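Copied over from TrEMBL:
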type: DOMAIN; residues: 263-355; note: domain 'Transglutaminase-like'
type: ACT_SITE; residues: 271; note: active site
type: ACT_SITE; residues: 328; note: active site
type: ACT_SITE; residues: 352; note: active site
type: BINDING; residues: 392, 394, 440, 445; note: Ca(2+) binding site
């Protein structure tokens, strides 16, 4: 194709179906060209007359992205025909014999910025396509070796997010839906609406070659604190003007709402919602990503690696600003870190879109290598001290007495427990704590704390050893919402002398972020006597009639036992948070699951409360199962105590494979009960 022959191009076929399938983007649809960098794709040029002659014909190609494309910044590339495609740079080659149809193979550089492109062939023929990161390409910064990992962390459209407590992790189903209609466009719009792009679009589009830059932008843009981001955070119990974060079961509706409502923030989100949306966007753009949960997660607001808590003489919290969340979710993305000059820091990087503290004057956090956190390398970019504190901070409790004095209380609270994510290829929980920290008390952990100047934790570990009074909380095996049950304070004397103590044993509702609510039960025993080797088991009854009015949507109750030794004046305190379990949702699929065949989900839930349920509603959603929408079915009658709420909901799967049908139940007294059923859809 000589340049003089370019006007003879009659039409161009983008071969979208073939290319998108080859680039694993066909789930986005095949109506437009969506390819990955560092991997060839082919288009067909149909000529009006004449033909391509090897060695005699030439073609100049110009690929451009962004409003100010410049070769210097990588947003513009000019290249001609080569004997064969070079996957290390922008290149083109003819792969068909001479004739009036020319098959042109093209390849984007594995370091090219992602986004929307215009490709100009010769003087005037133009095509448009979208370019994504390519974790299947060895030269891409997000390259991941394992096909099983890629299937989970890039292609999987649903998953599980672990919440509630480390001793009772509950898997919440979530639809990421990164390939649903309109989602990729919304994700690209997030990049376009970020303040860095609005200030300097040329520099921002150039930065999109780098997954480190893109993840940092997403960390800021998934929340709306400094920009026109996606989600509005709300940790109160007042959700007027929006919906409770518990309402969401999918990123799809959130991203669509933001995109179609002029980028107005969607109300409301909390940590697992922020993390899930960030995961959806990362996967949509081609960055391997997973949601992780850190149990007993510290929020260290002054970077001293210390959480200071204050209580009064009855064990009630007073004036504590720094918190320990029962759990906190963030995301990890897979990439190299050439900026850190150490190959050990390649791999999983933590970044957090939940707005907690400012970084470079913006509410964002990360990405930071997990390896840097584990080794205590707190100078690593970005925000290593904050993430290190989330999993390693020490907890110190002080008692403020009525006379104005203050004394230290011995506690056994451990931060950064059972860090969890969904396992590859199954619904099991994978414990990844070892990626963040060495075993408690190990020589490696002590070395890490020394490097991180975390002397307080070392001293605290030494102080926790020894004999004397011991205090623990034990719970009943069955703690279901709607039931009355007992919890127990276990007091023992492992010393060699008699002990006379005061035991304060209380309970209150608590949010997952550690904010205390109303009293659910309280006991104050002024004279607890223990001989050497003695033990007392003190029960505390928790009645539904009392705790029901105090519970938040998290269904959490904080138990606190405070033991005061009259002979020494020393105080010992232990805390435990319990979750009241919701009833199980049972799902049965009626019919043979096949593509484009109507199925029915028969759903039931038993009312566990001692009162009727009104305004009952089931809803279902699933990637490639419900057409990217939520299907609801309201029950016309009340459900009496002990009776089953039942519904039958119809849906039509659109693609074969293993799919997750997410189910939600709501009523006047029992809300946001979630369940799921894995469904294998045949062709």
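Note that Cβ sites are derived from N, Cα and C of the backbone, with glycine treated the same way.
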Euclidean distance between Cα atoms of residue 328 (active site) and residue 394 (Ca(2+) binding site), Å: 17
Proximal but sequence-remote residues of the same chain as residue 271 (active site) (Cβ under 8 Å, at least 6 apart): 325, 327, 328, 329, 330, 354
Spatial separation of residue 352 (active site) from residue 445 (Ca(2+) binding site) - C-alpha basis, Å: 24
Residue 328 (active site), number of other Cβ atoms within 10 Å: 26
Entry from the recorded positions list 352, 394, 440, 445 having the most other CB atoms no farther than 10 A: 352
Cβ neighbours of residue 392 (Ca(2+) binding site) where a neighbour is any other Cβ within 10 Å: 24
Per-state residue totals over the domain 'Transglutaminase-like' (263-355) - DSSP helix, strand, coil: 21 helix, 40 strand, 32 coil
Distance, residue 352 (active site) to residue 392 (Ca(2+) binding site) (CA atoms, angstrom): 17
Stretch-averaged pLDDT - the domain 'Transglutaminase-like' (263-355): 93
Residue 440 (Ca(2+) binding site) to residue 352 (active site) - Cα separation in whole Å: 25
